[in-house]
Number of protein chains: 2
Amino acid sequence: MKSQKISEAVVRRLPIYLRFLNELAMKNVATVSSQDLGQKLDLNPAQIRKDLAYFGEFGKKGIGYDIAYLIEKIRQILKLDRHIQVALVGAGNLGRALCNYNTYLRNDMKIVAVFDAMPSKAGETINNLTVQPMGEMKAVLSELGVRIGIITVPASEAQNVANQFVACGIEAILNFAPVIIKVPPEVRVHYADFTTELQSLAYYLD
Amino acid sequence: MKSQKISEAVVRRLPIYLRFLNELAMKNVATVSSQDLGQKLDLNPAQIRKDLAYFGEFGKKGIGYDIAYLIEKIRQILKLDRHIQVALVGAGNLGRALCNYNTYLRNDMKIVAVFDAMPSKAGETINNLTVQPMGEMKAVLSELGVRIGIITVPASEAQNVANQFVACGIEAILNFAPVIIKVPPEVRVHYADFTTELQSLAYYLD
DNA sequence: TAGATTGTTAATCGATTAACAATC
DNA sequence: TAGATTGTTAATCGATTAACAATC
């Protein structure tokens, strides 16, 4: 069924499944049912089965899902079975913090280049990465084969950085700046703005 | 229409409207139509009108929305018209970065206390805040009237911190740790895990 | 007035959940 | 075999979009 379009909601749940399956694998659990999964992840078991069924028949009736096998499959689906190079622009506090997550990302994804528009920042070292000036971006990204870009600059600079990413052939962007950026339709943008998140939380206070 | 339940999707868009309206206000623009708003924010104008109409009649037919007035109204809806105190647990790289966003949050929300389980961290200063040991949490939160908690500890510690937040009467939690946490239904939890976000982005690579 | 734009109803679209035959 | 659990269809639920009368 590779042809049907998978909804964004489904794709966003896959990493959550993967994360929990990895936890189970570390505890040497062999199989898991959609029931168990649903309980732990606060999701409807039918939804989990349906999500997975978009991509294949990964379970066994009466048994559940083999954890090692399902991990392998989800990694393939998410394209995490290969190395994906990531670049980050904006070596401020947040950018620096994210660079230090490299170990977290395991082998699948890795921040391999950091840029900053402030000349004074160039040359600084963050977790074995040297901050480079923006002028180097095009050359560095194509040499390293970077496909995903992270934006951690102030809102006023985000569109500018996005434009440069697009010009460098970046395929997907994770934008931490609190502003909507415009990119060609073939470039995927996700947002990760914690101020927006906090503000919507306030609504639920009594 | 205060009685009808407002969907989460609507609440999540309000801060996005607010943000852009603030930008316009700074440029001294006086009014804006749902058309304009939709264009800038990549949203359907009908959706914007409907979202706002849940809360009242804020626009003028033939004219659009008065920006100053709409800002005031959205701030009231989101409860950002009062000061909201926020506490953060986990003074690692990410926690430190977030503390430095205090200026960004303006007056409406403010991180007023930082805690860390590592005794060696206690006493450190981050952006005028002194890191305190976990044992102080209950006393400090009730003294400062903290209502929202931010979790920036490793996944393995997140549930534990959440439990302590709940015991302190925290009403809402923003969890940056890559794990689902369990809290009583009256406590609201939002997730802000950038590794999940990155992994779902990978799916969209060719 | 004529043009623009809201608020709102109805139509559409899509996502979640329930139910169950198939089968391990 | 009996019990458990999948994959999948059908039913439900909810969110988005289109359309338009009201009106500034």
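Glycine is no exception: its Cβ is also placed from the backbone N, Cα and C atoms.
In TrEMBL, the feature DNA-binding region is placed on B:16-55, out of the ranges B:16-55, B:56-95. Fewest Cβ neighbours within 10 Å among the binding-site residues B:Gly90, B:Gly92, B:Gly95: that distinction goes to B:Gly92. Cβ neighbours of B:Ala91 (NAD(+) binding site) (same chain, under 8 Å, six or more residues apart in sequence): B:Val114, B:Phe115, B:Asp116, B:Lys121, B:Glu124, B:Ile126, B:Val131, B:Thr152.
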